[in-house]
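Q: Pasting a structure here, questions to come.
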Amino acid sequence: MWDAAQDPILFVLTIAAILSLFLDVYVSNKPDTGWIKGLALLISVAIVILVTAINDLQKERQFRELMEKQESGLQADVIRNGEQVRVKYQDLVVGDIVQIHAGLVLPADGVLFRADHIKCDESALTGESLDVPKSLEEDPWLLSGTSVKQGSGTMIVTCVGLFSEEGIIQKLITGVGEEESDRLLELDNAHTPAHERQTDSHLALSTLNETTSSHEQERSSLEPSSNSDGVSKARSDSESSSDYEDEGPDKKKSILQAKLQRMALQVGYAATAVALLTLVVLVVSFSVQYFGTDGNSYSADVWSDYVEFITTAIVVLVVGIPEGLPLAITISMAYSVKQMMNDHNLVRVPASCETMGNATTICSDKTGTLTTNRMTVVKAWIGGRVFNEIEDARDLPTDLIERLKASIALNSSRSANYSIDPESGLPIQENNKTECACLKFADDLSDRPYTAYREETPVEDYVKVYPFDSATKRMETVVRLPSGKYRVYVKGASEIILSFATAYDVGNDQTKPLTADDRAALERDVIVRFAEQALRVICIAYKDFDEAQDWEQEEELLTDLVVSAFVGIQDPVRPEVPDAVATCQRAGVTVRMVTGDNMITARAIAINCGIITEQDDGEGVVMEGPDFRRRVVKEDGSLDYEEIQRIGTKLRVMGRCSPSDKFNLVKGLIKAGEVVAVTGDGTNDGPALAEADVGFSMGIAGTDVARQASDIVITDDNFSSIVKAISWGRNVYDSISKFIVFQLTVNVVALTVAFVGACAIRESPLRAVQLLWVNLIMNVFAALALATERPTAELLERAPYGRSQPLVSRIMMRQILGHALYQLPVLLLLIFYADEMFDIQSGRRYDLTVQQREDEILTQHYTFIFNTFVWMQIFNELNARVVNDNLTVPGLPRLLGNFCRPFVGFFSNPIFVSVVLGTIVAQVLIVQYGGLAFETTPLGGTLWGASIAFGAGSLIWNLAMPTKTVVCLDLTPTSPLPAAAEREGPARREVGLLCARMFLLLSMTRKIVLLRRVL
């Protein structure tokens, strides 16, 4: 509530209301009625503050629910009572054994007791961007909130919750939990002898500080250099980019927010100028009339009038400033975020849902997004033979099968496991789906399960482990055999592992050399043939050593490998993906697939998805990552953005894509003016996800690092959910556009009426409290009604707006100016002629007697004008539901369809219906019973009918406006100016047509007035 009251304009209005109370009651000596106007103004301000506070509270609650839902889904692989289980982060306790793997955001502080090439990103705590190596000997301490960038291992939890490193920092920042932590410390001290209170965690912390300081000294002597892929250079370019000049790395401003900020400033300046002019005209005209023409001498009573003039000017400023825009975008985004949860989109950054509506390209992963992520080995090459049925491979030599099964079971992450669902009979795969498919394949080769091999050779007995690296696309595990020899198991991309191999296993302890013809045959008949069938091809190999080697020299271990098998893993395309891709293409969104698979597999799957066709095989449509890298990365490590733009016009599929390739592609496309959405699930996808305008991470297969770097989490890992996000994003943009049309129309009309009234009749016909009510309708109720429309299928039948599209389009400007040209003449006509048209008492100041002015009588004249103005906005709210030229309704004649178009889907939005009905009821109560508080007097049936008729005229006038116009308010500095030679003629014709129709309406109305006088 206090935050909502911090608006300086509301503060000035409160002071003005207090002054009005004091002057009217004590100076003007009106103790019976003088308090009503000031109190009504205070109540109006209180209502505005209350409504704003309620909306802020709802927004905060929705954000908390979002964060709690996000945090509740985080789980860690924990060993308890000798069994591996998945435990929520908040349920971890000291002593739990947690398995560490790349992509994990550490849930608690702990100490490593097994580590394989672990590197952690501790920048969240230290600000140091370089990854920190972890080992049992030098730095075994792991801190909560940091992320594991590579490697695997096991740690024992030492601190959780408020006592972890992340908990301590949060407690220092927010103060939340400080009392609880103090209570727990006192409880611990009460049961612990004084000489034992120096706990292991304190000793660990001191050791950690010493280790950290030593690492900082080591890193301070190192100079970061650009890598060969150009990522470092690209990141530095990104950080200095003008697009994010005023924003921190975690505060990307949406495209709509940037446009709204510019528009709000321009409209605010105009409203301020009009308010100041209104105040000057009111004060000067009153002073000349009071002191000059009437010859009155100074008295304290005049200050009551001056305060009223100031209040009117302030309220004009309140109405003129589009302060409802932030509220509208907040309501629209909050509503969309909540509804998008039902469409499997967990929005972490609310602004991203609007940005997604402007997306012009999507760079999508393959596995799990375009495909089902239910990996199955359907083909294999073993011992020189291709097996289309895995069961047929059981007849192979036993020793060959044993070596192959041991390689698969041991050279894989221990967190990868599968089980059979007793109901469906399908495998339930945990963690890495590719490894799970290989484990299932191994079990199908013989009756001995893969778990037996793992029990026989526990992780502690491993000699060396090289975890999977997306750059090298392979992994290795070194074990010692019972015979005393050593064996290196290798698994990875087929063509890469084949390049290291010189023989293949044929069983019976025999190998056969790979000749040049054999190698060519494998590439042609296995790798290419499998890939053409949209299979991911993986090679499994090994090498034996008689004695220990320098296991740190990875490359030297990979010579003269023996191939055990090639396996073809099928990951079927999701059945809904082709239609979703086609929808994107119709919506003007380019879909690009970036994958680690080879070009042949990538192309086959892209054809199945509909991203490309069989005929789309020209140069540049399908490209390999290394080729892309060679063309776009300069010798100094910087990016050739012009080359990326040339490539991007054709590129649809990139195979063998590394994380740096994806990052460079995204950066280049954004530089070229595209609005880019990216999907990713791995730790190394983090830079691309963070760089993209909208980053989508996978809720099922994605790592914690990827989810934290993303803006939206797809909870079902389905590409069709991204299409729904586009629909909701465009709906947000259109909802805000509808509100802008409505608000700017009210702004133009209210400001003009107030200013013309001040100049012509030396007062505003719309009173301060009445304008506050209009402001409440405009800022809150209209925002609530127009910002909660549901998306329609039409949204995906047009091209995206992109970055350069003006916020106020030509169609929107036509509606704003067109309806202002209707409302303004009608209201001005009523101000000067309504008393004669309807035979009522004039409310104009110069038509009142001195006594009437002193008594401040309420007239039906100004009440009628206020009522008509509000009814115009009620009906114009219906017109604002359509912000495009698609005014036809299928099955209806064009004219009738144009009239009915604003009502399409009206009753399907209960919020809109409730707002309109609520506004009508409130307006009736204000007019009939508002009295002195709202400065209204009850109206009769004729005046009520005329008010509603003039308001409904907006619907008829909507048909009279041209369906096309070239008038455009360009509020984006990046968009090109229209060619005057091309647009000047049509613009004049459209404006002339509008003016002619308006003058015709005024002429007819004037004739009616004259006819009434004659009669």
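For all residues, glycine too, the Cβ spot is worked out from N, Cα and C.
Just lifted these from TrEMBL, have a look:
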type: TRANSMEM; residues: 9-28; note: transmembrane segment
type: TRANSMEM; residues: 34-54; note: transmembrane segment
type: DOMAIN; residues: 75-173; note: domain 'P-type ATPase A'
type: REGION; residues: 210-250; note: region 'Disordered'
type: TRANSMEM; residues: 267-289; note: transmembrane segment
type: TRANSMEM; residues: 309-335; note: transmembrane segment
type: TRANSMEM; residues: 739-758; note: transmembrane segment
type: DOMAIN; residues: 764-959; note: domain 'Cation-transporting P-type ATPase C-terminal'
type: TRANSMEM; residues: 770-788; note: transmembrane segment
type: TRANSMEM; residues: 911-934; note: transmembrane segment
type: TRANSMEM; residues: 941-960; note: transmembrane segment
Q: Under 8 angstroms, Cβ to Cβ: which one of 267-289, 911-934, 941-960 has the largest number of such pairs with the transmembrane segment (739-758)?
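A: That would be 267-289.
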Q: Are there residues at least 6 beyond the ends of the transmembrane segment (941-960) whose Cβ is under 8 Å from a Cβ of it, and what are they?
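A: For the transmembrane segment (941-960), the list is 815, 818-819, 822-823, 826, 830, 838, 840, 860, 864, 867-868, 870-876, 878-879, 895, 898-899, 902, 997.
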Q: Quick one: average pLDDT across the domain 'Cation-transporting P-type ATPase C-terminal' (764-959), no decimals.
A: 81
Q: Determine which residues of the chain contact the transmembrane segment (911-934) at the Cβ level, with the cut-off under 8 Å and only residues 6 or more beyond its ends counted.
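A: Beyond its ends, the transmembrane segment (911-934) has Cβ neighbours at 33, 36-37, 39-40, 43, 767, 769-770, 773, 777, 781-782, 784-786, 788-789, 858, 863, 866-867, 870-871, 874, 877-878.
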Q: Quick check on the domain 'P-type ATPase A' (75-173): DSSP residue counts for helix, strand, coil, in that order please.
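A: Its residues divide into 19 helix, 51 strand, 29 coil.
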